[in-house]
Structure formats: C-alpha cells, structure tokens
Amino acid sequence: MIVLPNKVRIFINDRMKKDIYLGISNFGFENDIDEILGIAHLLEHLLISFDSTIFLANASTSRSYMSFWCKSINSATESDAIRTLVSWFFSNGKLKDNFSLSSIRFHIKELENEYYFRNEVFHCMDILTFLSGGDLYNGGRIDMIDNLNIVRDMLVNRMQRISGSNIVIFVKRLGPGTLDFFNQTFGSLPACPEIIPSSIPVSTNGKIVMTPSPFYTVMVKINPTLDNILGILYLYETYHLIDYETIGNQLYLTVSFIDETEYESFLRGEAILQISQCQRINMNYSDDYMMNIYLNFPWLSHDLYDYITRINDDSKSILISLTNEIYTSIINRDIIVIYPNFSKAMCNTRDTQQHPIVVLDATNDGLIKKPYRSIPLMKRLTSNEIFIRYGDASLMDMITLSLSKQDISLKRNAEGIRVKHSFSADDIQAIMESDSFLKYSRSKPAAMYQYIFLSFFASGNSIDDILTNRDSTLEFSKKTKSKILFGRNARYDVTTKSSFVCGIVRGKLLDKTSLVEMMWDLKKKGLIYSMEFTNLLSKNTFYLFTFTIYTDEVYDYLNTNKLFSAKCLVISTKGDVENFSSLKKDVVIRV
C-alpha cells in the first residue's frame, strides 16, 4: 500500500482485470438522508463518461461508498484508461464543480428507468437505510427534476466533500509517471473534507421486518473491530449465506437460512452457528470484495494481506470471540430480523415513496439463554460450473439465484446459460427447493419475459406453446442452424406485466461493440438503464431486450438506426391482463 501525503491509499493489484479501480468512502446514498434522496446516485451517473469503443467502464453507488473502474480495450492503453477515469473528477487540474441543467435532467430520467428496472427484476428494499431515516429505495426518482437548481447546488456541495482520506485506488501497475499523475490530481485534495456532513441517524435495532426475500435473514449488530472484520473475512471465504452490512459506523453480520425452523431456533437463542476451522484462509477475494472492505472500513491502516498470518494463526480465538458477540446480540435483541413476506396486502408502514412494508418490534418472548444445539452452515467449494439450456425447468430459478448472490456469475449464448458458482450440488438443490426461494423466484415475473421472447425469436416455436410452458421456456433447436426470415412488420405491440422493448436485429456491420455504444447513447438520452443482447446463431443477428418506461422513444431510436438492415421489435405496455395476440400471426418470423 502506498499512502500519499493527503492520505490517498493506492494498491497495486496485478491480478485485477480492470486497469484502474477507484473508490470513495463515506460517499454513498446514506449521505442523502435529510437531503434529497438520490443525489449520490445522480452524481455517479453524471461523472462517468467514456468512449465505449476503446474502454469498458462502470460505476456503482452503495449505502456508504461510491466506486468507479475503467479498462482499456482495442487501441487504448492502461495509461489511457487511468487518465480517462481521472478526467471524470478533474477538469484542467481542478475538481469538477459544474454540472449543466440539461445533463442533470437527462440523467434523472435515466435514474427513473433504473428504478423501474430494479423494481421489475429485484425487490429493492434497503432495510437499514429505511430504519435510519431514508427510504426503501434511495437511488433517485423522477421528481428530482422539479428542483433542478437545488439538485445542482447539492451536487456541487457533495463534490466538495471528497477528501484524500476517502480515496482508495487499485491499479495493475504503478510507474513513476502514473504516481506523479495521481499526486497532481487526487493527491491535491485536502486530507479532510472541506464540508463535513451531518451525522447519520442511528439505525433502530430490535426490529422484525417482513419483506420479499429469498432467505430467512438476520442482521446481527457487532462491534466494528479489526478482529471482527477478520472473523467476517474468515466466514465469508469458508461459508455461503454469510456477509456483512454497514451504515454509518455500525457493522452488522448477516446470516441467511433456508430452513425456517433453524432460523427461529437461532433467533430464540436455542442454537448457535456451527463454525469449524478450515485448513487455511487464502484471502483470494475478488477486487470488488477487497475494495468494499477498504471503503467500508477506511480506518484499516494496512494492506489486507498483512493480516493473513494473523487470521490463520489466531482464527480460533477470533471465531470464539465473534461467536460470543453474535450470541450476546441475539439475546440483547441488537438485531434486525427479516422474514420473507410476499403479500401485497400486509403492511403497517410505508416510506416516503409509498413502498409498503411491515415493521414490528423484536421482543424477548421465548428467549432461551443457553443454547443446546448447533446449526451447520453451507461450505464453499473451490469452483463449480453448470450449463443450463433454455428448455430446462430450473432456468429461471438459477437466474434468480444469480441475481440474489453476487458471487454467482452467468453468461448467455444462443443455446443457454453457463453458470459459475461454489455451491455443492446438495446445497444448491436445497436452496432451489426451499419455500421462501421458490416464492421469491415467482414473485417477480418480469425477468422471465426476456427469456420468453428470446425463445420465441430463436426457436421458431409459437408464442402459445412458449406461454403454455413459460416456467421452463421451450428448448431451442440445436441440430441445425436457424435461418431467420424477417416479416414485413417491424413493430408488434403486446401487453404484459412489464414495460419493455425487445426483438431481433440484423446488420452487416452489427457487432457487440456497436450495440454497447448504442446502449450508452440511449442511457445518455435518459431512455434506458441497461440493454441486454444475445448473439443468435444466424450471422450478424442479435436479440435485444431492455426494460424502459419510454417504450415509444426507444422504438423510434431502434427503428431509425441505420446499422439495422432488418428488424422485428416487440413493444410491451404494462397492464393487468397479458395480450400476445399480435404475435400469433404467421408473418412475424419464420425459421
């Protein structure tokens, strides 16, 4: 670790796929409480800008931090990627403090699309922020557009809070020129912020929250000490369904269960977690997980790898102490209990956006202060990989699991999805057969539409057959290469439970690079949040899908795009009753 005079921390990570990865601690949407919710997220969208033909890049805003990364591709170099990311924050050597009202307006529209996307695919319920005075969703809404001047002032104010002590930088390589460049830019920031934000309200413990969830989960408040962080790292590397959450200076260990009986036994104090020592902790974490640790605990004074001897040699005492602290918090009700609930009618409170939720007090009734049994945890495997065809009945459940777990990755091709994970076969089966997970998987049907229409366009099966078997979608034809013939109509309107645009497009010069560039152009116009595309077996032919509340505008953009020599687009309007009648005509597509 290299520390600049103003406390900027720089780490060299040659295993990282990104060229540069930058994080800002104490800079997430928890700072929006008592201001306009969404300022942090809006700032993230305003800052990031790049040429998608020579860079891959992204940014994210969480409860307590913001992070940005950039990677060079094609003709660009690592140095180009570093300078591009730095340019998001600095202009002519000075920290950016000016944002145009037109740009703010476009990005607020994009935020509303992101809200729609996340609520269609996920259940966006941030319990900790809600209990601390925020909302269940804190990413920004369209009503911010009514206060553009106030929003702009808040954005400038937020930029002035950036300080060297908040900055963490990962780079693949660090030569003298790059180090000098960092000194001239991020190294010029004050060591402490010029504007000190007000303290975040203390979140409420001893609560039961009933909300959509794939698991029975409890957040256990523990002290944010070095040993407890090392204990969390130990548990995270060894077991599934264990993680942590932070808000302000508070730390919660999150433990999830698939069995309600074990869950309630743990909450009553009847049982403790069965934590066993593994052979060795390697700290082989992803760069995302490492960055999150440094940002959530900015007081860490060493490289995490400096603690690898301690975490292995002292693991027994670290885990015993952590286990005792967990049990004490259970008994003292320093916990937030999350019960899966999918009833739209059950509600006793709402946030300011009128999202319904049930919040109750966690009482001491039935507590047993002497545990007499232990609960085994799901152990991680080194690596596992499966391929699921689009005709497999487990397709949607696997997609739901990957969306709810950050350490599961999936990649689509024309025949199915390839899933990388670290579960045992028995554990993954137990999760997918659990009552709460099945209800969660079925509670958000929007994600299924992407695969219903992918199956329709790529298989030649009728929409009636596909809808009849929508829980498994129909298997694609794999014996022969499909030849897709486009009909006369370019647009077909349907009614579903979601608002989206999808379809197939073909073009002689069409490739993934041009589609990514198209997606970013649509994002800049505020028309979409993201766009998925799958390369079909037919040459230069892709399937596109994007959730959007601006369906006509997106259709007009795609319909007039000169890259497409042929297209067949479906525009879905959200309604209570599905109507696919326009797709039953044989003129749509032939295989």
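These residue numbers are counts, starting from 1, taken along the chain as shown.
A Cβ is built for glycine as well, from the same backbone N, Cα and C atoms used for every other residue.
Record features (Swiss-Prot):
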ACT_SITE  Glu44  active site
BINDING   His41, His45, Glu112  Zn(2+) binding site
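When the recorded positions Glu44, Glu112 are compared by the number of other C-beta atoms lying within 10 angstroms of their own C-beta, Glu112 comes out lowest. DSSP assigns His41 (Zn(2+) binding site) to a helix in the three-state reduction. Spacing of the residue listed as 'active site' relative to Glu112 (Zn(2+) binding site) is 14 Å (Cα to Cα, whole number). Cβ environment of His45 (Zn(2+) binding site): Ala59, His107, Glu110, Leu111 lie under 8 Å away, each six or more residues apart in the same chain. The record gives His41, His45, Glu112 for Zn(2+). Within 8 Å of the mean position of their Cβ atoms, the other Cβ atoms in that chain belong to Gly38, Leu42, Glu44, His107, Ile108, Glu110, Leu111, Glu114, Tyr115, Gly139, Gly140.
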